[in-house]
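A.B. asks: One structure follows; several queries about it will come next.
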Amino acid sequence: MKTGSQIRLLLWKNWTLRKRQKVRFLVEICWPVLLFIGLVWLRKANPLLARFYVDVQELLLNETDVQQLGHLWRDVTSFSNFMETLRNNPSVMAGHGLKINDILKDDEVLTAFLLRNAGLSESIVYQLVNAEIRLEQFAFGIPDLQLKDIACSQALLERFIVFPSRMGLHGVRNAMCALSQQKLQKIEDILYANLDFFKLFRLMPQVMDNSSEGIDLHLWGRVLKATSEKIQVCVNLDKFVAYTDESQMSHQALHLLEENKFWAGVVFMDMYPWTISVPPHVKYKIRMDIDAVERTNKIKDRYWDPGPRADPMEDQRYIWGGFAYLQDMIEHGIIKLHTGQDWPLGVYVQQMPYPCYVDDLFMITLNRCFPMFMVLAWIYSVSMTVKSIVLEKELRLKETLKAMGVANGVIWYTCFIDCFVMMTASTALLTSIIMGGKVLNYSNPILVFLFLLTFTVATIMQCFLMSVFFNKANMAAACSGIIYFTLYLPHVLCFAWQDRITKNIKLAASLLSPVAFGFGTEYLSRYEEQGLGLQWDNIMTSPLEKDTYSFLTSIFMMGFDAVLYAVLAWYLDNVFPGQYGIGRPFYFPFQSSYWRTPAPSHLVMADQDAENPEAENMEKDVDSRETPEMHTCNGSASRRACKHQRKRDQLERERELLRRPEETTNQEECQEGQLFFEPDPLGLVMGVQIEDLVKVFDGSSRPAVNCLNINFYEGQITSFLGHNGAGKTTTLSILTGLFPPTSGTAYIKGSDIRTDMDTIRSSLGMCPQYNILFNQ
């Protein structure tokens with residue numbers, strides 16, 4: 001049968017088995033789909049947000065005088081009454097509001113923006129800045145409308161703003177309605193940026209009560225400072241201890257840290273005990289607990305995520321740890337010593353702005369768990385694939401196919417096609433779900449599909465490699481799933497130490513295909529976080545600085561893994577075929593006989609002296625099948641391991657001593673015994689020649705076949721007769737390649753069963769004693 005016919009036949013067989021295994025078929029398709037539908041649900045629950053970060057100046061400390069508490073009480077009462085009225089009886093403030101011009105900063109730029117950038121006339125700008133905002137309307141809630149809708153609606157404008165004149169209302173409405181939504185949004189942003197909250201809090205209570213003085217935030221700042229100073233009087237501030245050098249201070253600081261009593265140490269670099277004046281340039285350093293400040297040996301975060309470093313606890317340690325305050329006090333002291341004056345300067349802190357970025361918590365999480373999702377998606381398919389391969393080997397169905405002339409490569413090839421078609425269909429469904437469900441928003445769908453498909457091919461080859469190590473199907477199914485999941489775990493360690501491992505370590509770890517897939521997923525999620533996604537122009541680069549590993553490297557490594565697993569499976573399957581089959585020597589890839597089809601070595605006639613074919617097969621592997629114990633067969637030797645080695649050796653030596661005196665008599669008896677064997681027929685072609693065939697099974701000290709010598713001729717029917725255990729089935733199993741011989745050999749049409757079984761099987765037929773039907 002030609003190779004093409006064999007492939008078609010085995011594909012038909014595999015597809016027939018698939019149709020009969022309906023539950024397995026449904027689970028292999030539905031399980032990954034359901035798993036990734038869960039990802040889609042999580043994405044819907046965690047949509048991505050586009051944000052930007054601008055931090056305004058914030059007053060941290062200002063040194064002012066303390067004011068009387070009565071004024072504070074009036075402020076609290078006035079503001080409390082105002083908020084209570086606004087919540088419960090807003091109609092009291094109807095018709096009154098805050099004039100926009102009164103609550104703008106002194107150096108406001110809103111007016112200039114309206115005239116220059118917005119293109120409004122001076123009369124319209126005058127109407128706007130002198131209009132009053134109705135505060136009572138905010139108690140009813142703000143409608144969910146675009147600014148364009150409000151600007152074009154006279155009713156909505158009158159609801160929130162009181163204009164100086166009716167004509168001004170129409171003019172403002174027409175002018176504002178002509179502006180775009182973006183321009184209106186910009187005007188709103190400029191308005192908020194130019195609000196003076198000190199004026200706002202002072203004027204808000206006056207809307208309800210004109211006699212109210214409002215709230216003075218400057219006063220509250222001075223009161224809080226004075227209160228803090230009064231509290232500090234009750235605290236022992238004598239915390240300064242002087243030391244002669246830095247080493248003494250460090251030693252004492254370590255001792256105080258154990259009792260949680262150390263805050264900071266100040267070391268003046270250019271001042272000594274004999275220094276009598278402050279140098280013009282004072283050099284000093286502040287020593288604090290490492291947990292209260294940023295680590296100086298930390299260059300960047302271990303896990304990079306887009307967004308500003310604005311976490312108050314993690315990213316602003318210099319503020320809450322007191323470093324900035326201590327530095328400010330020291331600087332004020334130095335300035336006072338140099339100038340002779342105490343300048344009551346405030347301290348302002350402003351963080352750097354951050355550009356627009358995608359705040360996608362789901363993608364950050366997906367970076368960690370997407371490889372595990374893929375492993376879990378294929379874990380059932382992996383277990384069932386390995387089980388199917390091992391089951392055919394366990395039931396001797398694979399060897400039966402090989403005995404019928406089916407090449408081993410055809411069996412593996414058709415198995416790969418069967419698995420590839422099923423898993424490719426699942427991969428296409430998963431890609432559709434991922435892209436359609438917006439799990440990935442920016443990446444190229446074709447790249448995502450190729451990425452998953454490459455991992456699928458590597459997974460199939462990994463299944464083939466794992467099947468070589470098992471002889472029992474159920475054990476293979478249980479262990480393969482565990483092994484497959486375990487091979488993913490090294491990626492967890494690589495991810496945790498991603499800032500320490502080098503490219504070479506990544507390449508070594510990528511020899512495990514789940515780890516290589518995990519690395520690729522990291523780059524996929526990072527590009528998604530940046531709002532770029534994976535595209536054809538960035539798969540060769542890394543989004544991380546000084547990282548030479550890339551998404552394309554991950555795909556190449558998975559492809560390399562697939563080839564590596566296939567080569568290892570091919571090699572190990574030939575050397576260690578399992579319970580059934582004849583193994584090849586470990587160096588078989590270097591034998592020329594493996595790569596070419598050998599011609600029959602000899603076909604002898606019964607009336608000719610058959611030369612011993614051992615001379616033609618000296619280069620073929622014999623020693624690899626020898627074991628330590630000796631079985632003597634007409635001068636030839638074979639070895640077999642036996643737990644009774646020493647005892648048998650001793651018995652052999654005793655028998656040898658008893659055999660020597662009778663050697664001559666035995667030779668004569670052997671010659672007479674040949675009379676009971678039929679002589680070889682003349683003129684017939686020898687089809688099968690068995691020479692000194694020995695088979696000893698593991699765990700047994702007695703050979704199942706012991707030194708068998710017999711010839712089969714073409715045109716004759718040869719049968720074996722004997723009692724149970726005589727070795728009939730064992731001999732036929734050896735001749736068909738189901739078991740390797742312990743020693744000796746047989747030649748079928750001149751081909752050695754030990755080395756040329758593939759050639760023999762191309763013209764061999766057999767009828768086994770066991771069920772060769774696929775029981776599925």
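Even glycines carry a Cβ here, placed using N, Cα and C.
The following feature annotations were taken from TrEMBL:
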- 618-629: compositional bias 'Basic and acidic residues' (COMPBIAS)
- 370-571: domain 'ABC-2 type transporter transmembrane' (DOMAIN)
- 707-775: domain 'ABC transporter' (DOMAIN)
- 618-649: region 'Disordered' (REGION)
- 23-42: transmembrane segment (TRANSMEM)
- 370-390: transmembrane segment (TRANSMEM)
- 410-434: transmembrane segment (TRANSMEM)
- 446-469: transmembrane segment (TRANSMEM)
- 475-497: transmembrane segment (TRANSMEM)
- 549-572: transmembrane segment (TRANSMEM)
A.B. asks: Where among 23-42, 370-390, 410-434, 446-469 do we find the most Cβ pairs under 8 Å to the transmembrane segment (475-497)?
C.D. replies: 370-390
A.B. asks: By a Cβ-Cβ criterion of under 8 Å, what residues six or more beyond either terminus of the transmembrane segment (410-434) are in contact with it?
C.D. replies: 3, 6-7, 10-11, 14-15, 18, 28-29, 32-33, 36-37, 39-40, 377-378, 381, 385, 388-389, 398, 401-402, 440, 445, 448-449, 452-453, 456-457, 459-460, 463-464, 569-570
A.B. asks: Please give the sequence-distant neighbours of the transmembrane segment (23-42): residues at least 6 beyond its ends with Cβ less than 8 Å from one of its Cβ atoms.
C.D. replies: 362, 366, 373, 376-378, 380-381, 384, 422-423, 425-426, 429-430, 433-434, 437-439
A.B. asks: Quick one: DSSP breakdown of the domain 'ABC transporter' (707-775) into helix, strand and coil?
C.D. replies: 13 helix, 15 strand, 41 coil
A.B. asks: Any residues 6+ beyond the ends of the transmembrane segment (446-469) with a Cβ under 8 Å from its own?
C.D. replies: 374, 378, 381-382, 385-386, 389-390, 393, 412, 415-416, 419-420, 423-424, 427-428, 430-431, 434-435, 440, 476, 479-480, 483-484, 487, 513, 516-517, 520, 524, 534-536, 539, 551, 554-555, 558-559, 561-563, 565-566, 568-569, 572-573, 576, 578
A.B. asks: Please give the average pLDDT for the domain 'ABC transporter' (707-775) in this predicted model.
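C.D. replies: When the pLDDT values over the domain 'ABC transporter' (707-775) are averaged, the result is 79.
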